[in-house]
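Going by TrEMBL, these are the annotated features:
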type     : residues : note
COMPBIAS : 31-50    : compositional bias 'Low complexity'
COMPBIAS : 51-64    : compositional bias 'Acidic residues'
COMPBIAS : 98-109   : compositional bias 'Basic and acidic residues'
COMPBIAS : 110-119  : compositional bias 'Pro residues'
COMPBIAS : 126-144  : compositional bias 'Basic and acidic residues'
DOMAIN   : 178-281  : domain 'Fcf2 pre-rRNA processing C-terminal'
REGION   : 1-164    : region 'Disordered'
Amino acid sequence: MSSSPAAVPGNTIAAKGKGKQKATQDDFISFDDLASESSSSGSSSNSSSDSDSDSDSDDEEITEEYLQSLLDKAKSNARESANMKKALRENAFGAGEDIIKLDGDESERPLPPLDPGELPPAYFEFVKDRRDAPATVRDPDIQRAEAATSGTVAPAPPPKPMLTGKIATKKQRKAMRNQTAGSSWFDLPAPAEADLPRLHREVEALRLRNQLDPKRFYRKDDGDGKGIKGLPKHFAIGTIVTTNTPFGTASTDNLPRAHRKRTLVDELVDDAEARRYAKRKFEDLQAVRGARGKNTLHQKNALRRPKW
């Protein structure tokens, strides 16, 4: 076995070599150099660990409160910039305008009372308690319809004779008697001669009611088929008085203006049932007349032939 090299004083370590060689100065490493290297490596490792710990601490410091504070700060900055832009625009718009201020009382004067004028009547008229149903209801459409049809009602009664102090002749008394049907017939007036053609059409429509309703029989009128001369001497055509309904709604007695007709003929023509019955009666009459017309000779000869 080879012996280990002898320890050299001065805290040095000799490098191992093959055989017996003379130790040189380069072959010895000082403990001071090792200590410095170890300290430098330790410091570098410490610095790297410190940087890692700092980065970890920075990541740990970014919390929700910190982010919320940044967001609030950004919002406040944006709001301030918008207010500044608005103020700049207002200053630029009002820079060239002058403000005129009148002398006197700066307090606002009271407004004068407003006069709306004459107001139309109310649609509803209530009693003392407004919770109850309205007492009367005003419908402008019904009022206009009544005003339009008021001229077609029975004519006004003849004027009363003036008291002249003279005795009326026989002819005048007869004319006065012929003006009305008398108090027993509610002073039914005699129509004027100018209204007779119009009234004749209305009366003819009434006389034809027997042809419109197959289930009802009417006695034949004496003046039927005589034209205007067949009209009665005293008669009048009126309108059915409408009955008041809640809120003025339409009913069989109170038709709206759009459904009303001017004459009886228009009402009968507009009636679907009467129109259907009239069409059937017309077809029956046409069939009877067609059997007696042209191109019916062969049918007549066939009927004349004996059956056997």
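Using the three backbone atoms N, Cα and C, a Cβ is placed for every residue, glycine included.
All TrEMBL annotations are machine predictions without curation.
If you take every residue in the domain 'Fcf2 pre-rRNA processing C-terminal' (178-281) and average the pLDDT, you get 81. In terms of DSSP helix, strand and coil, the compositional bias 'Pro residues' (110-119) has 0 helix, 0 strand, 10 coil.
In terms of DSSP helix, strand and coil, the domain 'Fcf2 pre-rRNA processing C-terminal' (178-281) has 51 helix, 2 strand, 51 coil.
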